[in-house]
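Novice: Quick paste from TrEMBL:
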type     : residues : note
TRANSMEM : 41-66    : transmembrane segment
DOMAIN   : 59-310   : domain 'G-protein coupled receptors family 1 profile'
TRANSMEM : 78-96    : transmembrane segment
TRANSMEM : 116-138  : transmembrane segment
TRANSMEM : 158-181  : transmembrane segment
TRANSMEM : 215-239  : transmembrane segment
TRANSMEM : 259-278  : transmembrane segment
TRANSMEM : 290-310  : transmembrane segment
Amino acid sequence: MILVPFLSSVSKPLTMALSNSSWRLLHPSFFLMGIPGLEESQHWIALPLCVFYLLAVMGNVSIIFIIWTDSSLHQPMYLFLAMLSGIDLVLASSTAPKTLAVLLVHAHEIGYTVCLIQMFFIHAFSSMESGVLVAMALDRYVAICHPLHHSTILHPGIIGRIGMAVLVRGLVLLLPFPILLQRLVFCRATIIGHAYCEHMAVVKLACSETTVNRAYGLAVALLVVGVDVVAIGISYGLILQTVLKVPGGEARLKAFSTCGSHICVILIFYIPGIFSFLTHRFGHHVPHHVHVLLATLYLLVPPALNPLVYGVKTQQIRQRVIRVFSLKGQI
């Protein structure tokens, strides 16, 4: 909901900026290899990826629809969940269609401009997802540590501003990625050993100086992940401190259970993401096909599992889904 106006406003100038590159006129496309070393198995690998993508689309559309149509769910936790689902839809749809085309029908070629736009959307929306997870941790902190003031602190105006800040941060920090790539010279084979256009995979193809690109990419990764993980850690540290002061084991368990879904989503998102980032930059002994598989799963597994986690662990969402299917069964 919040994303649509900004996406439309940023995509046109981004496309115009990318089309001005003189390099693109000489080398109009990249070649995506898919999963190097596993060419014979790519059709089989594509099947679970397709399942993950279908789950991501159906699950996140269902979450957005349920929250949109049920006014009782217009609360901070569910509004942030709707933002997360919208971001997951864009993230999965920016990756899966081209990846599946490469693996299933060998559509390896991708235009220069399309490649950089795909790269921008993947990295920008990954940053936004991390920001929404921080916002959800803030919501849990306020709900548990300041329950009487929850609705006054996180009122709709504040939620809207938080969503806008997450969106703007992702766009502003990641827009330099494709812009900085325009200054690079690509004077050898433009073959990307990946199933989609990933920033460092494209940067490594350049034969000109890439220090600025590498330094900025590292700085953005450390800034986004570092700040967000610290913020989430502080929120849960304060939550833990408050819960341990609550008398009675049952009350403590209930307080912890309200954070269960969010903690699962955090682990699903950050653990493979951090491992993928570290292996790309420092894991020279990790087989390349392992890194490519992990990087691809990192973009498809969280969007597929997030709706299932919240559907199973959140009673209101689960009841609403059961009610919808019950009505369809009666019809």
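Placement of Cβ uses the backbone N, Cα and C atoms for every residue, glycine included.
Note that the coordinates shown come from a computational prediction; the quantities given were computed from them, not determined experimentally.
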Novice: Against which stretches of its own chain does the transmembrane segment (116-138) lie, if we need a Cβ under 8 Å and a gap of at least six residues from its ends?
Specialist: 11, 14-15, 18, 77, 80-81, 83-84, 87-88, 90-91, 94-95, 98, 110, 154, 162-163, 165-167, 169-171, 173-175, 177-178, 181, 196-199, 202, 220, 224-225, 228, 231-232, 235-236, 262, 265-266, 269-270, 273, 299, 302
Novice: Excluding the flanking five residues on each side, which residues at least 6 beyond the ends of the transmembrane segment (215-239) place their CB within less than 8 Å of a CB in that stretch?
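Specialist: For the transmembrane segment (215-239), the nonlocal Cβ contacts are 127, 130-131, 133-134, 137-138, 140-141, 144-145, 173-174, 176-177, 180, 199-200, 203, 255, 259, 263, 266, 270, 273-274, 277, 281.
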